[in-house]
Each structure stands twice: as structure tokens, then as C-alpha cells.
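Asks: Got a structure for you, questions after.
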Amino acid sequence: MATRGNVPAHMQASLPALPAHLQSDTHITAHLASRFHVSLPTARLSSQGLICLNTFTSSTRGPNGDKEGSAMGEPEDLARRAWARLGNRAEDQAFGFFGESGSGKTTVRSHLLSSFLSFSSTPLSSKLSLAAFVFDTLTTTKTTTTQTASKAGLFYELQYDASSNNPTLIGGKLLDHRFERSRISHVPTGERSFHVLYYLLAGTSAAEKSHLGLDGHVNITTAGTGLSRSASVSHKRWRYLGHPTQMKVGINDAEGFQHFKNALRKLEFPRTEIAEICQVLAAILHIGQLEFGTGQATLTAAEESGGYSHEGGETVTVVKNRDTLAIVAAFLGLGVQDLEESLRYKTRTIHRERVTVMLDTKGARENADELATTLYSLLVTYIIESINQRVCAAEDSVANTISIVDFPGFADHSSTGSVLDQLLNNAANESLYNTCLHSIFEKTAEMLESEEVSVPATSYFDNSDAVRGLLKHGNGLLAILDDQTRRGRTDVQFLESLRKRFENKNKAITVGSATSTMPGSNFATTNLAASFTVRHYAGEVDYPVHSLVEENGDVVSGDLMNMIKATKSDFVANLFGQEALNTVSHPAEKTAIVQAQVSSKPLRMPSVSRKKHDQLRRMASRRADRSPAPQEEEPLPGTEEAKVRRTKPTATGLTQGAAAQFLSALDNITKSLTAPNVNNYFVFCLKPNDRRIANQFDSKCVRQQVQMFGIAEISQRLRTADFTIFLPFGEFLGLTNADGGVVGSDREKAQLVLDSKHWPPNEARIGNTGVFLSERCWASIALTGSQAAAYFGGDIGSPSRPDTPGHNPFSDSKARLVGSADGTPGSFYGDEAKGGGYFGSRELDAKSDAGASAFHSGDMFRNLETKEELAEKGNKKKVEEVDVVPVSSSRKRWLAIVYFLTWYLPDFAIKWIGGMKRKDVRTAWREKFAINLLIWLSCGLVVFFIIVFPELICPKQNVYSAAELSAHDGKGKHSAYVAIRGQVFDLGAFMPNHYPKIIPQSSLKKYAGVDATGLFPVQVSALCQGKDGRVDPTVQLDYTATNISGTAAVISSTDANRKYHDFRYFTNDSRPDWFYEQMIMLKANYRKGSIGYTPQYVKTLAKKSKSIAILNDRVYDFTTYNEGGRSVRAPPGEEVPSGVDTDFMDSLVVDLFTQRAGHDVTKYWNALPLDPGLRSRMQLCLDNLFFVGVTDTRNSPRCLFARYILLAVSILLCSVIGFKFFAALQFGGKNVPENLDKFVICQVPAYTEDEDSLRRAIDSAARMRYDDKRKLLIVVCDGMIIGQGNDRPTPRIVLDILGVSETVDPEPLSFESLGEGMKQHNMGKVYSGLYEVQGHIVPFMVVVKVGKPSEVSRPGNRGKRDSQMVIMRFLHRVHYNLPMSPLELEMHHQIRNIIGVNPTFYEFMLQIDADTVVAPDSATRMVSAFLRDTRLIGVCGETSLSNAKSSFITMMQVYEYYISHNLTKAFESLFGSVTCVPGCFTMYRIRAAETGKPLFVSKEIIQDYSEIRVDTLHMKNLLHLGEDRYLTTLLLKYHSKYKTKYIFHAHAWTIAPDSWKVFMSQRRRWINSTVHNLIELIPLQQLCGFCCFSMRFVVFLDLLSTVVAPVTVAYIAYLIVLLATESDVVPLTAFILLGAIYGLQAIIFILRRKWEMIGWMIVYILAMPVFSLGLPLYAFWHMDDFSWGNTRLVRGEHGKQILLSDEGKFGPDSIPKKKWEEYQAELWDAQTQRDDARSELSGYSYGTKSYLPTGSVYGGGYNDTQHLMMAPSRSASQLDMHPTPMYGGGGGHNQSRMSLAPSEMLGSQSNLMMPSGRSVADMEMSDLTGLPTDDMLLNEIRDILRTADLMTVTKKGIKQELERRFNVNLDMKRAYIGSATEAILSGQL
């Protein structure tokens, strides 16, 4: 239409109405600009399309301030027109939206939806509006271009019942198409994750935040710096929420959360379910906060495996913030340990094998991200499906639909890094755009052509090439991607598939090169940036293929599914029980979920319109179905067909990848949009500029979008053909009320009507059967009254909503995108108060509003389970099986002791404070505590014995003999002591304080070391009260008249200085108390002790007529008193009074000391008839006047015993070490053993070791200088696990080392394992072959424990002990001829038939660890030792460290390893009882040499060592900590007549822990295992020796030394202190003896020229406190550090224990067993029945029942292969030198060699050659009656074997030749022929 009159050009809203010269991109852009600048941001593409520009301001304001012409008004107008067509024509209406991110597409879509819902203002329309809000809340985000970016494909369907021209809304349906899942874990810079996560964080109350764990302070580690800081949650950086600034971008998150909860409530979600939804959202946020680090799994578990380097615990990834982990576990209803275990491991399917990968920190983080993504995906699906269940109408009641299709905008790059999301969304846009082009160009042209109407052709960009290349079924790009995913192909293979498909075949897709050549290199390498390019309608996009195939798999690991099975949360269980989660079950066990996949397509499909009325069918009857060729119909979700398709297995287990599912969903959309009765509208949303500036129009930016969408071409097309309605002539004439009187055909009548209407030719044309009209023309004739007014008159009669500027999403300016003013992504749907928006009118659903307001006003989790209750519930184990087990009497006695020692610790305290919920764990803790108490008591007793006990026997005496006193003479470094009246004082300390000061110290020092009693005369009357209480002051007593000490060091009474201390009564200066006062002062400050007299010396003095005796251990001397020492003196000038009694001592006392001189008179003293007063006075006189010293008992027997007890202990210890020293010296030089012919098995258990370690171990075993034919290398792989740092599972690494091709894939077979419940049923695979390394060709067998199909995490893993038991139990059953499991039968078959050795021939088993390297001569030396001593059952060699210098931790262990072997084990070897032969390097005797009686595999050993119920502390320490030591214990226990020895000539090197934590854990295990095993050994009666020379004494000594090891450090420290404080020779001697220990050790390594051990010894001595103090204390306290598994004991009735397990109950009958003879007979039958034409017999497998080489890399050990059963990679030239038969012959060399297993060496040739040169096939058979006798057969067999080639002859061939010779069928004699052949070949006949 041209612009009329003075109407401005910009007022023309319809672009096709512009003149033809204005139809270019530039002119259309200019026209849009002119409208944009007058606030008209919209334009029309006639009636078929709408163009909206984002103004970044209000979307509701047009040029006149109202909504007309605005981004809100035009969609309303479009909705009214579509509504009119829906009501009047009963057509389905569909709207397709196009636009880049930031173009306002989501906003326009919301206005359109709101308009339709406003036409039906019912509670249902309100719910549908809320449903759209919930969808957007879950799937929209803020990007750099808009605050409301849709990140999920939406197909929103409104359902109507067309009962009248005003259709009734009866339902709705939300179909979500794969939201951008990668955004959950990878939020792009400057963008946000999905809005609901921010809503939750901002909108919850304080109580709710507390429940959800979103409050409080946390430590944040800054990326890159590693620095931690404390921050509150409001500023906390949430990994899944992007940068913290994204929480403050103008969006009202808090209000959004309230709207979200309100919407769910109005959608009838229960309150508890909304709370659960919030908990899952919180759990997702917390998963993002999990921090992973590398730690050591030091808790001991039964499944542990590996060598010495693993014994301290394997390196695992751990969660550092356990509190956050606990929150996640609580909300998911899981146990914390289970969740952590699931995050650190991931099970994948590699080459049809399930393999568990031990993840590093990066892998664990990705695994956690996968969990979060899966949770959010399932939550979104669950909420949408729940909404659909509430609002969707029944399919058969739906007459018409209105569909809104909106996919995320086209993207030329992926902001989150997900190429798959980018590819699928762009493919969806491509498909939708192609539908648009088809609808406007092709569909119209087809209709016109069918009616023979011609219109001018219009050129346009056809994207069909891109659509076909991307979306074509079978060989489109998405189909190829999905096919490659299902086939398990790599990215490079996918790229090559694209190249074959598209190169030079589709110009829209270009495939890049998979290889690239680096500059300066001539060699092509893998192109890490390989990509393919798609030419989209919007431009070319490069898609990198890296990880695209894996991402398309979209696999949810089986570990996660297995973990969720145990959830206690019904809601979480429902999430994972949805149909959207496609599970893949194991083909062999349907209950085992191997993996799963979250569907990328909606659970529902677009509704199929039901044509219930004739009016609805009128158009369909006349319009041809021109829809595309039908594809394979997609089954309806939920139907049986869908389920069958969903579970169809493929190479990877997946039925469809994300691409195929998305493609299927796109097909459904395309079918829906192109259905015959659907009218399509297309809305093109454009952004005016790239900088989000309001009211700014960038012509270049807009022109690019106009070109991209082809708007100019569409407009030109509509200028020539704007036809959307076809009316048959009758219907057209009826609508126009044409004059019935006009004569002519309907066509002529219609032509007259058209002529009268003057409609332009591009809007009205006549065809053969009807009239083509535009929508405008149709409306002018079909609509009347209010409908016409509404259609043409804008707002007339419109129920649309008035303008609400307060809640407009465009109301912001430059900085805002299309979003809401208040930041709520839902509020652009209108103001809730005004109705018509998401939340509708307030008067609707008032009850729901009330409920919702009450719901969000406080705490939504009120009256629900608390976080702690959820955690306890999640950690609680499910009990499945109950078993009653008896309690032994010894166990009862021990528990009685335990409770006696720990009764004061209440059970509830252990339960709540210690966190031990399980009764058996608490019991173990009590046992541990009781054992620690006993150990501490033992240590205390040792300390008491060493330190306290000697003091009790001989208390320390501070006495000095005369000689000792004289030594303290102050000369040199000697101290200065002096004696006064039996008391010794420190003269050196006193001299500075002597008064007066003028006396020089040199004068005082001359008294040092002497008895200075003579210097101090005493006043008798002041110191003694005499017989009657008083002594005359004139009485004097001369004390110094006699030298009683027997030395010259006595000061006489003539000393010049005596006068200065003489203050007696007769002097001028009488001070009676002066001496007493001075003695009090000296005793208080300077006393050192007393003069000591031995009893012997007292007797000696008595013999010299001295009146000296001992009273109460004090020595008194009456010699002076008796020999005239008494006198009477008065002061000068006074007369001596007469009658003075000088006998102041009672005569009885004097007589006692005179008559009993030299003796102890204590008992006589006590017997004296003295009254108490007199006795007291006599005692006072004795102490003050006659005391000369105390009894010196230091040399008494009692004190000598106490004195030498330390020396005795040292001598005892040194004697043991001395014995060890001589034991170490008793070995002679190395002897070169002879060549040996014994068969040896070398077993290597493998777990998660790296390839280098495994190769070193396997190569060292293969290179041992021992006859290769008599060695069998058996590797047992413990589970399908990829260790950290490995790129393949351990079994694959082992098989690659041994040269086994990946094509060899034997069937897994059942066998018994050590495990709880159903874990006892395990499955394994057997491989065998020959391994060549450095000239050695060694037969090998690999047993891979793969686990049952139901095992998801770490399948097959049961631990190292179980790996040992696989071989031990097999040999046990071989030797006892017991029924075997399928795996054991296969092992027997491989060894006997393939390798060619009877398993009973093997006599010894060498066990080495996978991280151990053995010396070449080790096996030879060990076997030699066995042959020299037939009573030897176990031999170990010397193990050294191969990583000695890795760290200080390993350096500490070098010397300890050396002496533990060369001293300890050598010493125990003297007794023939090495208590621990280490499992890393030990050889065992399998059977007795003479009798063949099983030893190592005897019944008792197997029974005890295979104990499954390991539920007590003692049993766990025995079987889980040190299985090798316990195995040695069992050997000594049950085979007491046999010996275990140590041979230092056999060497091996192992890897020791190099980190402190692992070292501590390893030694904890060793120490505790040692204690518990020695406790087992001590009661044994069979240990050799007598008394202290018995092994029991050595065992007890070892146990004691282990228990009291901490005291040894204290003992040495005590000796050092004694040596430093005393010069006594005893501690010095003891210390010298202990020092000699290391001297003896030094002699050993000097004699052996181990000079480097000097340095290692120093390091070891420095580390002594660690080994002897730190490690034992740590070990004893951590004795109960175990992984307690899922089986626990509780106390039942009558003293029994009830065994509770959640692992199920194992039935032994579930594993079939049969004897070898039965199995052998089956083999023979299978061989006989085989087709004669078969040229080669391969191993007949128990598992496969086929002739395929089960597990063997060669086709059988007894055929005529020239290459001796080598792996395919082996060349013949390598073997032709010595074609050693393995072991049945040399192939083409025709050597007559008998097999070591004659019964099975016979192979099968299709034509056994006879002496005559003819073959069996040439012989004719005739029927004869009667059979030949056995003798006749025997003779003929001998004749045949004499001339036949034994390398190719078979039993069957012999039977055939016999039948030829006797001309009779010999099936009846088959058994005899076989046994006779065996007997002849073995020499028995």
C-alpha cells in the first residue's frame, strides 16, 4: 500500500506496503529507524509477521504515550488476530520467535502470552501464566546483553475446546527443550547462572538460611593466591553463582523468590515439596562450594589392595570442607561417606568393560559439577512435569491449540564452553527459520501451483542445505554425532565420519583437518583444535570437536545412580525415578544400572488435535497433505514401545545421545508447525544497538539483523503473494453474502465479488476450486460486530491490560536490558494488582494466596525435619539381612575385662561425644581403650621397675665415707665439703657468708675435705639434760681426743682457729647455745648429708676397743666418754664446785654401747628399762654429743640389687641383640645353586599401580634365572579400576605389558570372594599366554576380578587377601580334588590344557607385590633352601628400599629395614620361626615334598585365612592390617613341625611410603598387627626351645618390646640423665652396652661392605623418638581406625550376637561347582562332537561352551602352530631358535616330546596322517559285529604312537585310526582309548 495524503511515511506499519524501490535491506532499515525515532519500535510483515525493536525503555509506551504501536501493543494486536482465526476457522495457531540475545524476544513473548491468557480470565489462565513464570525463573539468566536471557527451548501450548467462536481455554502444556546445562557449573564472566539460585540466596529468611546452611562465616580460598580470608555469606563467593557482583545487578532477587514460592503454591505444589525443592537448590549451591584435595585413605578397609607402598593407605581425593559435604548429604538423604566416595570415584564403560576411575582433584570437581548439573536438570524436569500434570488437558478433549515456540537466540560462540549446547540451539534456530521460509515461500507456492495461480517468483536465501546437513535422519550431522557416541567413537573418528559424509557433498558444512603439521616439523600430529564449520543462515560458525562426542553422551555415572538408590529422601528418589532419566541396565542383570542419561527432549509431545466436529474437518477435507515424508514415528513417552526403545543396548549402553533426542524433539515441533491445520506467525525481535543504549538506533547493527533474517526477501514475497487463507468457492460466497440471483459458476461469482472488493492482487486471487485471501481480506468478510472492531480497531472491546509503567521492563535507560524495573524477571508479565500477568488477579484463587502468604511469611521448614535429623537419617544404614552368630567363651571373658576397665565411660557419652552411632563400633572403641589402658599400665610397670622400684628397695642416701669426704677438698673442679659432728656441709657455699669477712677464703678452704669437729667445742649442759634433767655447766666432754674416722683428715683440738669458736662456760665469753644455733643455721642452708659408716667398718672400729654402735641406723661413739674425756672446769676466778657428777649418761646406756660395741643395738635399746622421760633425755644427749654419722647401706645386697637392675636390663637386651648379631654372622658366603626342576608359581597382585611399577615387577619375575618352563607367572588384578595418574584400568595395563590383544575378551565367570553378603559372589576373567622379555619366554595367567553386573563402583575389588585367596583356594581344591567354581575350572583348563602343566605339579609359590622388584637369583636361592630343608614351609628374603632418597621419611626407614631383616628375622630364623614373612617377597611350600600333603593350601589355613566375618577389633587387626603376618601365624599354628626362615642372599627392592601421613598409617597397621598376632602366637604349645631359649620367650620379648617401646626412649633418656648427674660406673656401663648395640650392627654392615649404612644409621638414631615413642603411641590409640563396612554386630538374646547386613545374603548355591573330572569329560565330549573340518582346537571354555580361545592369546597349547602359541604380535623368527613346546611339542620340528601334562597335550588335527600317507578321510567304514578287546586296542595304540608325530596327534585322531583298522565304531571304547593313550605317554604302560 502506498502512503496516502500527508500521512508521514513512518506511519506505515506494514513493510510489504512500502514501494518496491524501498524493499532493500538498506531502505527497510531506514524505514525501521524512522519509526523507531518516533517511538514506534514495531513493524509488520503484513499479517504473517511482526518486527519488534528493543528500545531498552518501557515496552508499553507508544508514540502517544499509550501502548499502541509499542512492543506490548503490537503483540496484543497480533494475539487478537490469531484469536479471531482460532475462533472462526478452528485453526491451530503457532508463533515462532527469532532474535539474538538482547533483542527483547523473551519480553515480547511474555506480552503475547499474557494477551492470550487475558482473553480467558479464569483461574486456569492465571495458573498458566504462573507456569510460564516458573519456567522462566528456572531457565532464564542474565547475560552480557540482557537481564532476561532465555537459555532453554520453549514450546508453550495453550489448549482450547472450540465449542463456539469464542474458544474455551481448557489446559496448557510446557515443553522444555534442553536448557543450557553447562551454565550450572561454568558461569561465564559478567553473567549469571539461572535466576532461581540467586532468588534462593536473597529471598530466604534468617531461619531458612540457617536450615539451608546459607548463613554464617566461612573461609574462602582466593584462586591463584591460595590465601584464605573470612567472609560472611552476603559477600561469599559461590562458585555456581559467578562473581559476587552479579548478585547486585539491579534484579530484585528477594522479591523474585517470594513470587516463585507463591507461584508454586498457586500451582498446587504442597508446602513440603516446595521446601524439598529449596533444599535441593541449596544442595546444588553447596556442591559448588566443595573443595577437593589430595589425602590418604588411612582408614583400613577389607577392599584394600596393593603392595608395601599402599599399606599405609592409598592416595585419594578427599573433600576438605566436610561440613559443607554434610549439608549436601543431608539434603540428598545420603550418608556423608557414601557421597564422598561417589565423588572421588567414577565408573565408565571402556571397551564394553565397566571401569572405576580414581579421580584426582580436578576429576572430582568435574564429578561434583556433573552431580549438580544432573540434580538441577532433574529438578527442572520434575517441576515442569508436575505443572503439566496440573494444567494439561486430556488429549482427546483438545480441539485446537495456540503454540509459542521460542529457542535461545543464535550464538556464534559458546559463552559457557559447551559446544553441544551451542550446536543444538543453533540447529533449533536453523530448523525454525527453515520452517518460517517454507511457510512463507514454499507452502504458499505449492498451494498456488495446485490451484493454477501464477505469481512472480521471489529469490531468497534457502537454508535447506544447512537443515539437511544438520538434521537429516540417518546421515545428518546430529545423527552422525549420535551414532558415533553410541558406538563409543573418539572425536577424531567423528570428524572423519563427517568428512566422508559432507566433503564435496554439502556446501553448508565444511570439515576441518584432524591432523596438523607444526612449524619446523614434517610429521603430522593430532590437531587439538580440530573443528567443523556450519554455514548457518546467520553466518558461519566453527564448532570444535574436542570432547563433543563425550558431551553428547550426557552420561550420568552409575556410581551416582547406585548412590541415589540408598537415599532416604523420597523427593530425591522421585527426582531420579522420573521417565526423563533414561537408565541403562547391565544386559546380564537388569537390576544393575550401569549408567543413565537425563533426557534432552521434553517428556511430552505437542497435542494432536482431535477433530470432533464437522466444522473442524471442513478444511482438512479439501487440502492435500503436503507435509514432508513421514519419519519413523516417535513413540509416546511412557508407552511400552518407548520403554523398549529406551533400554535397547548399544556399544556404550546408550540408546540415544543428546543430539538424537533433541533432533527427535525438533521433528515433533516441525511436524506441529507444518501440520495442515496450523497457521503460523513469526515474530522477529531486533536489537537497535550492541551497547544496550536506550533510544539509540545503529543502522549497521540493525541492517545486519535484517539481512540475517531475510526480512527484505520476505517483504518482497508478501508484496506478490500474501495469502494465508484458502476458501472454497461455496464458503467464500457464503461469507460474502453474494447475490444468489447472479447466474454463473461459483468461480465467476467469486470473481465478481473480488472485483467489487478492489482488493490488491497480492492479497486476493482466484484458483480452480477456491479463493486465496490474505488475513486482512478474510477478516473484512468473516468478522462482524465486536470481533471486527477488536480486529481492526485496536483496543475497541479489547480485554487487554492497561499500561502499568511502574512495572515496565523497559523503564530503565542505558545500563538496562529488557528486564524489569524492580529486577524481577517475572514482573514484565504485568502488575499483579492489575491482573493479566503471571500472577493474575488477586481475587482469583484467594485461598491459594492466603496459603502462600502464610507460607512465605516465616520459616518454610518449620515443623519439617531439621538439617541434623536429615543428616542422621541419611547416614543410617538399611538393614536387609539378619544372621545369628554365637559368641565364644574367650570373647565373653575378654569383653568382661573390657567393661571392667571402661565401666566409668557411659555408652551415651561414647555415642554422642565420639559420634559412634553403631554398637559394634562403640564396643571396638572400648576394646581399644582397654588395650591402651593395659599398654599404659605395662609401660607404667616398666617405668616403675626401672626408676621407682630401685628407690623402694634402696632409698637414696646422702652419705659420704671418709674417702668420699676427702675427695671434696675444693681442689681443681672438686667441691669443698666439711664434716662437723657427723654432718657434712657445703663449705664452698658457706665461705662467702663467713663472719667476719676479713678472714680470707684460702684460710677457710684448708678445712675442705676434713672432719672439722675439733674446731667447735660444745657446752654439754646446753646440749644434754643428763639423767635427772640437768647437767652442771662445769662438766666438759672432749670429743676430739680419738681419731675414730681412721684418717688424718681430722682437725685436732690444738688448731689455732679453735679458740674463735669456743664459747663454753669456763671461757670469758660464755654462749652456751652458740653451737646449737650455728648447727641449725648450717643444716638449714648448707647441709649435704651425713658421714656414712658401713656395718662392717663399725665392727672394725669396735675391734679396736672403740665403744661405737648403731642405733636406729645412726652411729654413736662413747669412746671419749669412757676413756676420760669428761672433765670439770669453772670460769677463771671461780672454784670448781665439789661433788659434780660427770656421769651425765645413764649407766645402762653406757653399758649397752660398751658391751655391744660394733653391733646394731636398736632392739636392746628398746628393751632397756627406762622411763619415757629418761629415754627421751638420753636420746637427746646421744644425738647432740655422741652422733658421728649414719649407717651406709649403699653396698648392701639389697642396694646392690637395686643398683645393678639397670645393668641387668641392659645386659638382657644386649644379649638378645648379641644373639641376633651372631645369627646374622652365621651365614656363609653366597653359594651358586644348581639348576632346579621344581615348578614354581609367581603371584603378583595388582591394584592401582602405575605402568612402570607393574612392568618392573612383572619383568623382574620373568627375568629370574630359573627354568622358564617351570615358572608360571600369575597376575591377579583386583578390580576394574583406573588409578590416579593412569590412563587405563590396571588389568588393561597388565594385559598390554604381557602382549594380550584387546580383541581377546573372555566371558566373566563366577567365583567366591571375601566380602560381606552378596559381595561374596564375584566374577572374573582368565587370560593366558607366553610373555617374552630379554630372552625369557614365561607362561603367564592373568585373573581379572571384574565383579558382578550389579557392581557399579570399583567392580570386582575385594582386597589383597582375596587376591591371594583366588590362587590359594584354587590350589586347595586342586589338591583335595574338590568341586570348583567356573572361574577355577577355567584356570585349571588354562594351566593344564593351554599352558600344558598339571596344576598339582607346582610345588612352590613366590608372592611378590606389584611395586616390588626381585633379584634374578632370588627364586633359585629360595627353592634351593627348600630342597636343603624339607621341613621348610616359608622363606623370605631381604627387602630393601628402591626409593631410599625420595624424602626424609624414606631415609628414616632404610636402616630400619636393614636391621629388621639382618638382625630380627635372622635371629628368629635360628629358631626356625620367623614370625612375619612379608607378603611382598616370600616363597611358600604348596605341598609336602615326600607325601604331597597340602601345606600352604591346607584346609585349616584356607578356612582361617578366608574368614569373612571380620567384625571384632582383634579380627580386623589380624586380617585387615597385616594379612601376611597373620598368614605366617597360621602356618606356625597349624604346621608346627615346619619352619619359616630368612635367607639374606635373596634380595628384593620395594617402595616405602614417602609421606608422613602414609608412613604413620603403615606403621600403625604394622605395630597393631604385630601386637595382635603375637597374642595369637604366645599360647601355642608347639613353639620350639626350652625356657629362655624357647621361641615363646622370643615372641613374648617381641610383644613386650612392641608394647613398651615408648618406655625405651625414656629408659635411654634416664641413663643419659644418670650419666650426667652421677659418676657411678653402673649407668655408664649400661649406656656403653646400649651403644655397643649399634657397634655390633656396624660390624655386620662393615663385614658385608655396606658402607652407606653408616649414614643411614645416623639418620635412624636421630629418628629413634619417632620409631620408639611417636609411632607406638599413635598406633595404639588409632587401633580402631577401620572402615567398618555395612555389617555390624548387636547383642541378641542368650548371649548371642546378631549380624546385621545391608549387603544382602549370599547363597553358596548361586555359584555352580563341579569336579575337574566332570568338566574334563565335557571337554572330551565337545572335542569329539566337533566338526572334522575344523583345523584347530582352541580352549573349550566353561564360561563360553565354545571353541573360542577363552582368555588365551594363542589358540590352544597343543596344536601344531609353528609359533608356539605366541601372541599375534610375536614374530616367528624370535621363536625358531628354541621351539620349546608349551608344553606339548614343537610344532613343525617333529620332535617327540611328551607333555608335562600328557593327558591334555593332545590336540586335534582335521586329518591325522597315517603311516601309509593316507588320511582318515580316505578310509571307508564298514559295519562289523563285535568290538576288539582292550589288549588288542592297547597294542594298536602303541603301534600308532610309535609312528605318529606326537606334536600333532590327538585322542580323537587315534580313535579314528583305530576305527579304520578295526573297521568298527569305537564310541563305546572312547574312555578306554583316552586313558590308555595317557598311560602310554606318561610311561605307566
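Keep in mind that glycine also has a Cβ here, set from the backbone N, Cα and C atoms.
Straight from Swiss-Prot, here's the annotation block:
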- Gly99, Glu100, Ser101, Gly102, Ser103, Gly104, Lys105, Thr106: ATP binding site (BINDING)
- 609-621: compositional bias 'Basic residues' (COMPBIAS)
- 1-789: domain 'Myosin motor' (DOMAIN)
- 957-1016: domain 'Cytochrome b5 heme-binding' (DOMAIN)
- 1827-1882: domain 'DEK-C' (DOMAIN)
- Asn219: N-linked glycosylation site (CARBOHYD)
- Asn429: N-linked glycosylation site (CARBOHYD)
- Asn668: N-linked glycosylation site (CARBOHYD)
- Asn1043: N-linked glycosylation site (CARBOHYD)
- Asn1068: N-linked glycosylation site (CARBOHYD)
- Asn1462: N-linked glycosylation site (CARBOHYD)
- Asn1568: N-linked glycosylation site (CARBOHYD)
- Asn1759: N-linked glycosylation site (CARBOHYD)
- Asn1790: N-linked glycosylation site (CARBOHYD)
- 601-649: region 'Disordered' (REGION)
- 666-690: region 'Actin-binding' (REGION)
- 794-817: region 'Disordered' (REGION)
- 894-914: transmembrane segment (TRANSMEM)
- 929-949: transmembrane segment (TRANSMEM)
- 1205-1225: transmembrane segment (TRANSMEM)
- 1599-1619: transmembrane segment (TRANSMEM)
- 1626-1646: transmembrane segment (TRANSMEM)
- 1653-1673: transmembrane segment (TRANSMEM)
Asks: Tell me the Cβ contacts of Gly99 (ATP binding site) under 8 Å, same chain only and six or more apart in sequence, or just say none.
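Replies: Looking at Cβ-Cβ distances below 8 Å from Gly99 (ATP binding site), excluding near sequence neighbours, one finds Lys105, Gly409, Val683, Phe684, Cys685, Leu686, Lys687.
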Asks: Taking the Cβ of Glu100 (ATP binding site) as reference, which residues of that chain separated by at least 6 in sequence fall under 8 Å from it?
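Replies: Same-chain residues close to Glu100 (ATP binding site) (Cβ under 8 Å, separated by 6 or more) are Thr145, Gly409, Phe410, Lys687, Gln705.
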Asks: Within 10 Å of each Cβ, count the other Cβ atoms, then let me know which of the recorded positions Ser103, Asn668, Asn1568 comes out lowest.
Replies: Asn668
Asks: Measuring CB to CB from Asn1068 (N-linked glycosylation site), give everything in the same chain under 8 Å that is also at least six residues away in sequence.
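Replies: Long-range Cβ contacts: Pro1131, Pro1132.
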Asks: Find the average pLDDT over the domain 'Myosin motor' (1-789) in the predicted model and report it.
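Replies: Across the residues of the domain 'Myosin motor' (1-789) the model's pLDDT averages 82 on the 0 to 100 scale.
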Asks: Please list the DSSP helix, strand and coil residue counts for the domain 'Cytochrome b5 heme-binding' (957-1016).
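Replies: Across the domain 'Cytochrome b5 heme-binding' (957-1016), DSSP assigns the residues as follows: 21 helix, 13 strand, 26 coil.
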Asks: DSSP helix, strand and coil counts for the region 'Actin-binding' (666-690)?
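Replies: Helix (H, G, I), strand (E, B), coil: 8 helix, 9 strand, 8 coil.
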Asks: Rounded to the nearest angstrom, how far is the Cα of Asn1462 (N-linked glycosylation site) from the Cα of Gly102 (ATP binding site)?
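Replies: It is 79 Å, counting Cα to Cα.
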Asks: State the count of C-beta atoms found within 10 angstroms of the C-beta of Ser101 (ATP binding site), not counting that atom itself.
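Replies: Other Cβ atoms found within 10 Å: 21.
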Asks: Cβ under 8 Å, sequence separation of at least 6 from the ends of the transmembrane segment (1599-1619): give me the contacting residues as numbers and ranges.
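Replies: Beyond its ends, the transmembrane segment (1599-1619) has Cβ neighbours at 935, 938-939, 942-943, 946-947, 1206, 1209, 1567, 1570-1571, 1574-1575, 1578, 1627-1628, 1630-1631, 1634, 1664-1665, 1667-1669, 1671-1673.
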Asks: What is the total of other Cβ atoms whose distance to the Cβ of Lys105 (ATP binding site) is within 10 Å?
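Replies: Summing over all protein chains shown, Lys105 (ATP binding site) has 29 other Cβ atoms within 10 Å.
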Asks: Neighbour count, 10 Å Cβ-Cβ cut-off, for Asn429 (N-linked glycosylation site): what number do you get?
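Replies: I count 23 other Cβ atoms within 10 Å of it.
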Asks: Closest of the glycosylation sites to Gly104 (ATP binding site), Cα to Cα, picking from Asn668, Asn1462, Asn1568?
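Replies: Comparing Cα positions, the candidate nearest Gly104 (ATP binding site) turns out to be Asn668.
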Asks: Inside 10 Å of the Cβ of Gly104 (ATP binding site), count up the other Cβ atoms and send me the figure.
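Replies: Taking every protein chain into account, the count is 30.
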Asks: What is the Cβ neighbour count of Asn1462 (N-linked glycosylation site) at a 10 Å cut-off, with all protein chains included?
Replies: 25
Asks: Asn429 (N-linked glycosylation site): which of the recorded positions Ser101, Ser103, Thr106, Asn1462, Asn1568 is the nearest Cα neighbour?
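Replies: Nearest in space to Asn429 (N-linked glycosylation site), counting only the recorded positions, is Ser101.
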Asks: Let me know how many other Cβ atoms fall within 10 Å of the Cβ of Gly102 (ATP binding site).
Replies: 24
Asks: Three-state secondary structure of Gly99 (ATP binding site) from DSSP?
Replies: strand
